[in-house]
Structure formats: C-alpha cells, structure tokens
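Peer 1: These came from TrEMBL, pasted as-is:
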{"type": "TRANSMEM", "residues": "B:12-36", "note": "transmembrane segment"}
{"type": "TRANSMEM", "residues": "B:56-85", "note": "transmembrane segment"}
{"type": "DOMAIN", "residues": "B:59-260", "note": "domain 'ABC transmembrane type-1'"}
{"type": "TRANSMEM", "residues": "B:97-119", "note": "transmembrane segment"}
{"type": "TRANSMEM", "residues": "B:131-155", "note": "transmembrane segment"}
{"type": "TRANSMEM", "residues": "B:184-205", "note": "transmembrane segment"}
{"type": "TRANSMEM", "residues": "B:245-268", "note": "transmembrane segment"}
Amino acid sequence: MTQFRKSITAILLSLVAGAALADSTLLNASYDVARDVYKDYNPMFQKYWKAKTGESIELKQSHGGSTKQVRAVADGLEADVVTMNQANDIEFLADKGLVAKDWAKKFPNNASPYTSTMVFIVRKGNPKGLKDWNDIAAPGVQMIIPHPKNTGNGRNTYLSAWAWALKQPGGNDKTAQEFLGKLLKNAPLFAAGGRDATTTFMQRRMGDVLITFESEAEMIAKEFGKGEFEVVYPSLTMQTEFPVALVEKVVDKKGTRKQAQAYLEYLWSKEGQENAAQNYLRPRDAELLKKYAAFFPPVKTFTVDEVFGGANKAFAAHFKDGGSFDQIYQSK
Amino acid sequence: MAAKTHRVLPGFGLALGYTLVYLSILILLPLGGMVLKASELGFGQIIDIALGERSLAAFRVTFGASFLAATINAFFGLIVAWILVRYPFPGKRFVDALVDLPFALPTAVAGITLATLYAGNGWLGQYLEPLGIKVAYTPLGIVFALTFITLPFVVRTLQPVIEDIETEVEEAAASLGASRWQTFVKVIFPAIFPALLTGFALAFARAVGEYGSVIFIAGNLPLISEITPLLIISKLEQYDVLGATALAVVMLGLSFILLLAVNVLQWWTANRHKNNEPLEVAAAKASGGGQ
C-alpha cells in the first residue's frame, strides 16, 4: 500500500516537474508488455542525459498492441521513437515514409537492442515428455497458443514450427505445411493474446504445453510460482527481435532528433543492456549474456531474415488472407 | 396558402434541426465514411470477401449465436421483468440493480470471468464437462457470453410496459371466466409483445457487434468459433483496412435488414392490436366461453 502511495506521489511529482522543467519531450510508442522494460529504462536515460548535456528531458510512453500502435503513428500520433516487437510493423511505417527505408541498419544488431526466443512451458515434471516440436504434434497432446494469424506471439510460434519442419530430412514447404496442419489440430482454442494464453494454461489448467516468449516464463514464475511448470527449449526456435526506429518526420518537426537518437542508442549501453536482462530479455552484450547465463541457457535459434527472407515476406506468405495458415483451414 | 399548424410545445423547428444535426454527426457521418471507404473496392470484391469460406462461417456463428442469445433473453428476460414489476419480495431493489450490471462491466472482464467459470476446472465447468457439456471455447460459450451481455435490453424494455398493464384488466378477464392461461395469451401477451420485440431487436443488435467478451471464451478456431468482428480485427492486423470495412459494411447491411424486419413485425402487431380491440374488449373476448 505504501509502495502504491509512493508510486502515485512519484508519478504526480514527475508530471509537475516534467511540465515545469523539461527542455524537451520525447514520446515512445511501444508494444504492450514493454511497459516494464521502459518503466525502468526511462529514468536511467533521463539521468544519463542530464549528466551529459545538462538538459532535462521528459519521457512519455504509449503502449498498446504493436500493430495498433504503428497504425496510430501513421494516423498522426506524434511519437519520436517506436520500439516494437515485430519488424513488419516498422516496415509499415517505412512504407508510409515516416521511418527511414534502411531503419534496420541505423542501429546495431538489426536495430534490435535485445531479443527473446519462443519456448515450451510444460506442467511440472513434463508428464507427456514434450521435448521438441514433433512431440507436440503427436496425437493426444494439447497445445495452448494465441491466435497465429492475429497476434505476434502466435505468429512466432507458427514460424518456429515451420522452420523446424523445413530443417528435418526431406523438409520442404509442403511437408512443413502438413506438419503445421498436424500441430494446429492439437490446439483446442486460439487465445486472444499472449497473456490470455498464459491464463488459460496456468489458471484454467488447459492443455499440456504453452508456447510463448522466454521472457514470459519469468513472469509466470512471479505470478504462479516456480514449482508449477518447467521451461523446455526445442531443438530449433525463433530468435525474436524487438526493433526500434526513429520517426523521421516527427523528430524533424519537433526538433528532437538529437535526443531521440541518443534515447535509442543508450539502449545498447551497459546500463540499457542490463535493464533488458533484468526484464528477462536476452541482451546483445556478450558479457552480460554470460553474467545472466542462469536465465538464458544456450539455444539454437534462427532469425526470420535467415529462413523466411524478412518479416514482410514471412507475413505475406503465411498470415495474409489466403496464406499458408488459411490454406490449412480451407483444405478441410 | 397552407395554414400554419400551431404546435402545443414551442421550438419544434429548432428541436428537429438539432435532432437531425446530432444524428448526422453521431451516426450518419461515421457510417457514411465507412461505406465510402468500402466503395473503393468494387461491388464484386466486397461480395468475394463476404462469401469466402471463413467469412460465411463467421457470419453463421455471429448471427446464429446472437439470435439464440436474444431468443433466450426474450424468454427469461420476460420472466425476470414480470417478477420485478409484479411481485414484492425482500431484496427486490438489489435484484433490480443487478440487472444493469452487464451494462456497466467492461466486456473483456465479462468474457474472462465467464471463461474462468466454465473452463474444465471452473466452478461450473467442473460439473458440466463430465456431463459432456463444454461451454468455454466452443460456440456454446459465445451464446453464453452474448446472453449475459444482452440481458438488460429485454428486461429494461419490458418493465415500463408491464407496469402500464392495469391489474384491473386481468381481474376483469378472470371475473368474466377466463382461465389464467387465457388471460396471459389473449390479454397480457398481446400488450407486451411489441415491447418484447423491441427488447429482442436491441439485444440482437448489441450481440452482433460484440467483440470484447466473446474472444476470451470463443476459442477462435477458424470455421468453428470465429466471429465476424474477429475477422475484421484479423484484416486490420494485415493493414487491410479496405477488407475490414468491406466486412463491416456487409455486417451492417445484414443487421439493418434484420432490424428492419423486426420493426415491421412490431409495427404490424402494434397496429393490429390497436385497431382491433382495447384491452377491456380483449378481456371480455378471452373469457367468452372458449370462443
């Protein structure tokens, strides 16, 4: 309760202080569960920026579904920077001319300061012995995932399974689609979103396996207790990126290019990277990755660029109307 | 020269103008914009989108579940409204207030609560599933959610109408020898039927557009438990605003036709009732020794 009161006071104070003292203001439009990451990151950057330039800066956050957010930016939400969880959302802004065409090269690591990966969450003791993707496609197993067509989380799972199937002996697009057909038959439902899938699996006790971000596993542990489940890393899974970009049109108009650029660059600093790690996101910094090795065991991953030739191509081939996902449900 | 009609209340012109402007800005403008946007697609393309296998299945689920939910509420809502108006009982005000709760509750909360309740390990689901009745994550769950959401429409529409029926009319029917069943069928029901239809139509219209509560309990499986609003969201995820508006326009058209039909039916029954016989005559007739 006092914690709550403290944070309310802090918010009120920072609002007053922000309005009175800030030399400039940045708006960060971000995806939904990034709240925790940027809640900690923003004060760090404010301190750093003040020490470096003497300038105080006000940071505002806007959160929502990734696709909804970029549509808002395209429709006129004046965000200086976008920090998303899907490359195709930033591509959309690039197509609209709001973000540089070569946004992925403007920052290191494909403009993604941290990554995560898709993992299996199974019941304690892994009673069904689920080790890899083909185990989940076996008859009698139930898999809980968010909607593969409508959510980023579900799409990552779909593409992970597809990439795994491609890598099997004799694997091609046809066998991969057949495999996905088998796998999706084991989904008794498609959850509305990532957190809804977690609730369905953990609280309503449905299904044998939940497939979600590695970073979610730690959230589940906090919420439901560590002893309730186990994390399984499949033999191949997707390295999910969280790309960031400058909204060129907005920073030019507001004259905040310098601050916005620094805000994003600082994500790659030691402090920024450590903050990501503490929020269970894999830092790019090799040393920190080693320091937090207990959280982040080694896992064989692929990127969407490597296997699918980019986020836009993957989306068009699999999740557009008439794509491979729709075909699976039409052949019945 | 036409004689100027004088109205009892002043300001008719102003009020009418205000009404037209208000409705135009609030309803016609956004809907018109939507239709305009959809018209960027050809008629053929809109039909193609609407007649796709997935869209058709979703229309079936959406309109079917909404119809069922509105029907269930027409029946049970009538009973609730009747009880609330006619019988005094302890805690009546409390029950009366309960009826409005589905209005106030954020729909997502309703959906999550219902899903938790009817899941295999939920309070109710644990007893239903052994009987082979699965509610959560099936089309039945959609009907349950929509029934919950739309209950107030029927009850709140019926209450004032039932209040208006004077008990004397029933007493007259009884004293003239009508059985209870006859009194209900011949006297009371015709009087409340138009309001019941209105309640049904409101509930149905609300159910067709419902998204927030349904997605959490539906299961969202293609061809089985996908509702049309989910397909619209799915198109928006693809940045396919045109496709989304096309679906929305078709949905709006279907809803409009159905609501119009209900309105015509209601107008017809109300008229027939008014022209034919006042309640007192109906009461006398009902008791007319089995006609």
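Any Cβ shown, glycine's included, is placed from N, Cα and C.
Describe each of these features in terms of where it is and what it packs against.
Peer 2: Listed by sequence, the residues of this chain that lie at least six past the ends of the transmembrane segment (B:12-36) yet keep a Cβ under 8 A from its Cβ atoms are 245, 248-249, 252.
The list of residues near the transmembrane segment (B:56-85) in space but at least 6 beyond its ends in sequence, with Cβ under 8 angstroms from a Cβ of it, reads 50, 92, 95-96, 99, 139, 142-143, 146-147, 149-151, 153-155, 158-159, 162-163, 192, 196, 199-201, 203-204, 207-208, 210, 222-231, 250-251, 254, 258.
Under 8 Å from some Cβ of the transmembrane segment (B:131-155) lie the Cβ atoms of residues 61, 64-66, 68-70, 72-74, 76-78, 80-81, 84, 99-100, 102-103, 107, 110-111, 114-115, 118-120, 122, 124-125, 196, 199-200, 202-204, 206-207, 210, 213-214, 217-219, 224-225, 227, all in the same chain and six or more residues away from its ends.
Away from its own ends, the transmembrane segment (B:184-205) comes close to residues 66-67, 69-71, 73-74, 77-78, 150-151, 153-158, 161-162, 165, 169-170, 173, 178, 255, 258-259, 262-263, 265-266, 269-270, 273, 279, 282-283, 285-286 of its chain (Cβ-Cβ under 8 Å, at least six residues beyond either end).
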Peer 1: So what's near the transmembrane segment (B:245-268) in sequence-distant terms, Cβ-Cβ under 8 Å and 6+ beyond its ends?
Peer 2: 31, 34-35, 37-38, 41, 45-46, 49-50, 55, 59, 62-63, 194, 197-198, 200-201, 204-205, 208-209, 228, 231-232, 235
